[in-house]
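Colleague: Please see the structure below; I have some questions.
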Amino acid sequence: MKAVVFAYHDMGCTGIQALLDAGYDIAAIFTHPDNPGENHFFGSVARLAAEQGIPVWAPEDVNHPLWIERIREMKPDVLFSFYYRNLLGDEILNLAPKGAFNLHGSLLPKYRGRAPLNWVLVNGESETGVTLHRMVNRADAGDIVAQQAVAIGADDAALTLHRKLCAAATELLSRALPAILAGTTDERPQDHSQATYVGRRTPEDGRLDWELPAQTLHNLVRAVSDPWPGAFGYAGANKFIVWKSRVRHDLPAAKPGTVLSIAPLIVACQDGALEIVTGQTERGVYMQGAQLAQALGLVSGAVISSKPVVAIKRRTRVLILGVNGFIGNHLTERLLQDDNYEIYGLDIGSDAISRFLDCPRFHFVEGDISIHSEWIEYHIKKCDVVLPLVAIATPIEYTRNPLRVFELDFEENLKIIRDCVKYNKRIIFPSTSEVYGMCTDKNFDEDSSNLVVGPINKQRWIYSVSKQLLDRVIWAYGDKNGLKFTLFRPFNWMGPRLDNLNAARIGSSRAITQLILNLVEGSPIKLIEGGKQKRCFTDISDGIEALFRIIENKDGRCDGQIINIGNPDNEASIKELAEMLLACFERHPLRDRFPPFAGFREVESSDYYGKGYQDVEHRKPSIRNAKRCLNWEPKVEMEETVEHTLDFFLRTVELVDDKNP
């Protein structure tokens, strides 16, 4: 009978060997690549397959149509799963006419799910076992083919029980596999009303809570002892691991966590006490309990905890490249309002951040990211969070200097991304609403909207595509290399210090700054294609608060996320923005210092931006991810933002005029 096998771990090796011994023809084996973060004490399915001359694969998604088709071509009679970590879809299960069978490490229907071996010890069970059952589209719910019970001894820990289960699996399979081969199995349905479910365990689940009974903690120690990560506690700020313990009821009661003795090392619990027979400090070696007490500096009467009691707080170091820019200087101001952050910044100028230069938590170097690569790499290594905010982000430059846009926005930022991967640093990358391009969705969604750009001869898309490709590179590094990242997409942020009027004079600024320059100089406001394009304008204070919460990253909710940051309620056309700005200008107290309004003038985009430009009719964000990950919503109405922005620039002009009469 031809079999295709899905297997991992010692149980995988046990199952494969049993199939070979029973005379099955194994056409292929599917397994998992070893995780470098795991302690690989178990046998290698891949190595066993290679030694037996059996083809072996470890696909990321075995349920992908390409792999389904490959398995179909193998024409298996039967499928077996031995501790394979992923569920097999119906399309695979239906490929084998004799059915699909799974080996599970408990006496089903009890302990369906992940890590039953550890859970039975945690719960103090006296019996467990292994079950061979038919696979259905619900995990561990199919008819039972055979079971083998295993007694759990009082001295059993995770490894000894694991070995017992492997031996039981060998015995069970020696009976069941020939029956499957002969078609003589005696199967029975599970009683689903008796089913219990357990979930995946993590190292954090090994935390010792001294408020619990000593027997409960002893069971936990047994369940996660070596080669699993171990049960742990804290003496002050020092973490220690308990590998072996015993319950003591012969000492007087005391406050939970109190050290009752150091030789042997005994700690009071809610009910009884726990003797730590062997353990180790976090970076130490395996040792007896009395030596562990000495290494931790414990004395009788000391109190230990489940969490670090004394933790030296270090500020989060944030590296901001482009710190003098619009987002950079406002973000610096917000971070310095919180004592938890220390900022390292680099930019080619310092006019916008001069107000922070005397702050001891702000460290600034004037420089160019294309020149100061060694400084940047050193500070990426030194800091905790990296925000590469340097980019050319003004539309006229996309057609005027497309290669410079590519060199700075893509090539220089790619170096920074790779350094973050190299030093395992979290990157918060400024994507852009431009990546959505000419998307036709009513609201642009980070996870489902298509990213639509124009033809190659429309060079204005070089910015959008450069940013999109970096988004994809970062995503791939996160998926394949474990890079911690968040991508944020600003939607038309406005406020004080957005560009400057000198940049607007040469056309290298965002829309509102250009419009303010027209009012200040008394020149006509140019409306590209009539100013019908709609945007959603976001106050810089709202945007920065969202970005601050991304940096905070409470409970890791922003890891691996793409987050639009915009105000969908502040949607307006460029013409409506200009009219609102004009109304604010006319009632401003400094209005009489400036020339009369010169009117609106409609111009074609090719006349203003040059050939290669293509505009976008609307750009409205979905902020579902921002609400979910950040508990954030924008608050500032558009007119208030326009007033503040205009006031800042008009008073800047006033200061210049006062100095230069």
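Every residue, even glycine, has its Cβ placed from backbone N, Cα and C.
Heads up, here are the entries from Swiss-Prot:
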type	residues	note
REGION	1-304	region 'Formyltransferase ArnAFT'
SITE	N102	site 'Transition state stabilizer'
ACT_SITE	H104	active site, proton donor
BINDING	R114, V136, N137, R138, A139, D140	(6R)-10-formyltetrahydrofolate binding site
SITE	D140	site 'Raises pKa of active site His'
REGION	314-661	region 'Dehydrogenase ArnADH'
BINDING	D347, D368, I369	NAD(+) binding site
BINDING	A393, Y398, 432-433, R460, N492, 526-535, Y613	UDP-alpha-D-glucuronate binding site
ACT_SITE	E434	active site, proton acceptor
ACT_SITE	R619	active site, proton donor
Colleague: Which three-state DSSP class does E529 (UDP-alpha-D-glucuronate binding site) fall into?
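Modeller: The three-state answer is helix.
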Colleague: Binding-site residues D347, A393, S433, E529, R535: which have a Cα within 10 Å of H104 (active site, proton donor)?
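Modeller: Near H104 (active site, proton donor), where near means Cα within 10 Å, there are no binding-site residues at all.
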Colleague: How many Å separate the Cα atoms of D368 (NAD(+) binding site) and D140 ((6R)-10-formyltetrahydrofolate binding site)?
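Modeller: Cα-Cα distance, D368 (NAD(+) binding site) to D140 ((6R)-10-formyltetrahydrofolate binding site): 59 Å.
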Colleague: Using a 10 Å cut-off on Cβ-Cβ distances across all protein chains shown, tell me which of the binding-site residues (D140, D347) has the largest neighbour count.
Modeller: D347
Colleague: For the recorded positions D368, E434, E529, which Cβ has the most other Cβ atoms within 10 Å, all shown protein chains included?
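Modeller: Counting every other Cβ within 10 Å of each candidate, the maximum falls on E434.
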Colleague: Excluding D347, D368, I369, please set out which residues of the same chain place their CB within 8 Å of the center of the CB atoms of the NAD(+) site, keeping sequence order.
Modeller: L321, G322, L346, I348, G367, S370, I371, H372, V390
Colleague: Is it possible to get the count of other C-beta atoms within 10 angstroms of the C-beta of V136 ((6R)-10-formyltetrahydrofolate binding site)?
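Modeller: Result for V136 ((6R)-10-formyltetrahydrofolate binding site): 15 other Cβ atoms within 10 Å.
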Colleague: Quick check on the binding-site residues: of R114, R138, K532, R535, whose CB has the lowest count of neighbouring CB atoms inside 10 Å?
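Modeller: Minimum Cβ neighbour count within 10 Å, taken over the binding-site residues R114, R138, K532, R535, occurs at R138.
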Colleague: Within 10 Å of the Cβ of I369 (NAD(+) binding site), how many other Cβ atoms can you find? Include all protein chains, please.
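Modeller: A 10 Å sphere around the Cβ of I369 (NAD(+) binding site) contains 20 other Cβ atoms.
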Colleague: Sort out for me which one of H104, K526, R619 has the most neighbouring CB atoms within 10 A, since those are the recorded positions we care about.
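Modeller: Going through H104, K526, R619 one by one, the largest Cβ count within 10 Å is at H104.
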Colleague: With a 10 Å radius around each C-beta, find which of these binding-site residues (A139, A393) has the fewest other C-beta atoms nearby.
Modeller: A139
Colleague: Taking N102, N137, S433 as the recorded positions to compare, which has the smallest set of other Cβ atoms within 10 Å?
Modeller: N137
Colleague: Nearest of the recorded positions to A393 (UDP-alpha-D-glucuronate binding site) by CA-CA distance, picking from N102, V136, I369, E434, R619?
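Modeller: That would be E434, the closest of N102, V136, I369, E434, R619 to A393 (UDP-alpha-D-glucuronate binding site).
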Colleague: For the C-alpha pair, I'd like the distance in angstrom between S433 (UDP-alpha-D-glucuronate binding site) and R619 (active site, proton donor), rounded off.
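Modeller: Computed Cα spacing between S433 (UDP-alpha-D-glucuronate binding site) and R619 (active site, proton donor) is 7 Å.
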Colleague: Rounded to the nearest angstrom, how far is the Cα of R619 (active site, proton donor) from the Cα of K532 (UDP-alpha-D-glucuronate binding site)?
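Modeller: That separation, Cα to Cα, works out to 12 Å.
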Colleague: How big is the gap, in Å, between the Cα of E529 (UDP-alpha-D-glucuronate binding site) and that of R114 ((6R)-10-formyltetrahydrofolate binding site), rounded to a whole number?
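Modeller: E529 (UDP-alpha-D-glucuronate binding site) to R114 ((6R)-10-formyltetrahydrofolate binding site), Cα-Cα distance: 60 Å.
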Colleague: Could you please provide the mean pLDDT value for the region 'Dehydrogenase ArnADH' (314-661)?
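Modeller: The predicted confidence over the region 'Dehydrogenase ArnADH' (314-661), as a mean pLDDT, is 92.
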